[in-house]
């Protein structure tokens, strides 16, 4: 294997690039208990501006993109999102100390996409001069919504099955009292899917991204995009990385209170998921000539776990799940591992495609 | 009428320009109940930076402007502000379901000026390459303060007249108990005017604008103006438009609880007021060669209704008025109508002056 | 004395430069009771970005600096910080109406460094084209930490001595009850120094500065530094100056409630301390060719009093001291005097070195 030394040097150089350096800096500050804090409003503003930028840039590109060049990676992004959740269902949920609800919520969060990780991936590709399709941002909601919907629907179905079994055991009390929600009728319906979908779309992150997409597609925001959103992108990302490193370190402590398997999942799932995304990207590369940078970003999206839009959606849809288990696993381990592994996907994609 | 097709094409092109596109985007997000929210501190910062920019740019221009070129549009801005309030007194206040206090507060708010609408007008003129006097920002306080003062003084005078009539009917009880505030003595005094004036000047919006004006006039902020305030202007305006569209849609619901006439007033008053401003601008054009862009911005200021400085001033000065009627009418209808009608004033001014 | 007219003209020109103009503007707004307010989150963000910028620029420079060129001004910065506190111990603390705790806390705050004043000094030197060593930002923590440590240790030692005397007078009650904290054993220990040092390093200001230093030294943040932090520096500084002028004026009122000597100290100590810093700078100039701009910034740092990192550190370490006396003296008088006296240090350094 020829690419190992190359990988090592890429990794070393990337650690010094602003994106990773600010993330690591934030973790170090948190580790030494710094009182530096960036208030919530700043965080919300930075995330909104980054997502508007990613969305607008995708929207402007989609205007000129051919449908098929977009549809193939879009479908593969959906498959990646669903596969990651199914994989979590077959592994994490079966382990000792993991309740079905908590496990499915965690798998959903790891299938969903982190806007900041995607933005970090874009910045790193720009740094090393690797091109990618402008419409990549438009793939984000495909993978994100597919994963969240799959996880929530599977968790709800399992809960209904359990309730139905309970009904029988307890003489069908719930079925009599509960009415339509009980054991009778279809286990899940379109109304529920629609409500989860709308809830995901209404989340701040997906809203901002879709707004950016819409503006890029139907309006002509090019002047403000080039004069404001594009030049501020790197700087805002550096602030966000700092905050995420800080937050990640502080969340690590919470992991002590949950089952150990979450730590293993948080450390290794992003790598496995990134490989799934890399595979989907390579298929798209074969089918439609999807770019090297596009393959890398598909891996980055798959490796990432949602830190903005996912948690409130899951909290709303699966109130029985314990947020401190899935949020701590995702924010404390999943996100930093996903960001730190971006150079790995660059090296792997180059090894496979030979860029 | 030759300019109707031209107007339609101008309107269509403007809807796609960043300013209107972000406003409409914000309304769409609110309409689909998005949870995207931009916290108050961000809103305050953005408004302050925009007003400092408008003020500084006016101050820098006033330094070189001739007094007469400034005095004529200034006086006409005062006349426009007073006329709009008097017109409201003769129409809105006479209608059924409108109390005198609520009606005068609403008329005052529609006579006052919206900084964001003015900024949007400037950005749109820049977009189409129409020049305007640099000192326009300095006209803002003339129209704004004139309208607020007129509305508050008329409302207070009416309240005192009512109280005086009540005194007679109830045997002069208030006159005996109330002392100086009762029926005797002058119905209003300079102390009151001074206190309203100071309260308006202390409002965040007018403060920021006057500070910018002062900096532009007496200091040399040109380097920071050109390196920071000027380049960020468009981007910050896009954020503000997004927030205002969001806020406007959410305020619309409140209008259901007030009399229907407010809806008509909110929809059509901006257009009538814009025509008054356009007329004043055309007079200034005849008298002192006021520019085409200046005429447009005079109409934009007159059409706009105050959303930042006005409400707290009115709440302080007219505590009896119901804020949900005047704020909902202004923020929910007046401001979006005023911003969306900017292309109309451009088209009309071009038709009259033949730019 | 030939340089007085030059000083007057420098002063006049500086008052119109953005940095001082925004400071004075903020004071004027506060004086007219403006309701303009910039919320805490904005303040925190602006300060963090400025300190990251100052730190990164220092870190990038330290990479290439020779050790001796850095060590000499560093040692002199430590001496300046300690001297200022000792001077305060010998003057302020001896005056009537000043408790030992309050006096030492005030002296510590005036020995510590204000990041915003340092940033203002850098901006003013850039304005007039005077060069300074890039590593200046790295001197900040030397002077700041030295002053805070000296003040806190001296105040704690005095308190222990007092307690010990009290023990004797009251028959050693405290020594019996208090255990290790009583009269026995060393009056202060390394654990205490370490804890004060860590507390200072954890303060938001020093954290952000050290992070910037570390990023500049060990990472390659040059792209985001040149594309974001550097271009935004002047604009963010103008916002900060505005807020500090506002805050300074509002704090002045609190001074009425403390002893009059604080007013004299707040007005004149920055000038005396600036001279101490100027002297240290001139020594460094003789020894290692420290630049004219470096000498000015050494005076600026010494003249400044801490407004961000100092107060919470002192509040934590000296809970017996009255914050309204030391914070009002520093923020209400010390900081504006220090910023307004920057042109004085430029004129004096030029007179001495003949730049």
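Placed from the backbone N, Cα and C atoms, the Cβ positions cover glycine too.
Among the residue ranges C:20-38, C:172-190, the one that TrEMBL annotates as transmembrane segment is C:20-38. For the transmembrane segment (C:68-92), the list of distant contacts is 62, 98, 103-104, 106-108, 110-113, 133, 135, 138-139, 142-147, 150-151, 154, 261, 265, 269, 272-273, 276-277, 280-281, 283-284, 287-290, 294, 298, 301-302: same-chain residues at least six beyond its ends, Cβ to Cβ under 8 Å.
The transmembrane segment (C:201-219) makes no contact with the transmembrane segment (C:231-249), as judged by fewer than three Cβ pairs under 8 Å among residues 6 or more apart in sequence. In this chain, the transmembrane segment (C:130-155) does not touch the transmembrane segment (C:20-38); fewer than three CB pairs sit within less than 8 A of each other, excluding pairs fewer than 6 residues apart. Counting C-beta pairs under 8 angstroms (sequence separation of 6 or more), the transmembrane segment (C:261-283) reaches the transmembrane segment (C:104-124) with 3 or more such pairs.
Long-range contacts of the transmembrane segment (C:104-124) within the same chain: residues 14, 17-20, 23, 47, 50-51, 54, 81-82, 84-85, 87-89, 92-93, 132, 136-137, 140, 143-144, 146-148, 150-152, 154-155, 158, 205, 209, 233-234, 237, 240-241, 244, 262, 265, 269-270, 273, 296-297, 300-301, 303-311, 314, 318, 321, 325-327, 329-330, 334-335, 338-339, 342-343, 345-346, each at least 6 residues beyond the stretch ends and with a Cβ under 8 Å from a Cβ of the stretch.
Residues 54-55, 57-62, 65, 69-70, 73-75, 77-82, 84-86, 88-89, 100-101, 104-105, 107-113, 115, 118, 122, 188, 192-193, 196-197, 200-201, 206, 209-210, 212-213, 290-294, 296-298, 301-302, 306, 309-310, 313-314, 317-318, 321, 346, 355 of the same chain, all 6+ positions outside the transmembrane segment (C:130-155), place their C-beta atoms under 8 angstroms from a C-beta of that stretch.
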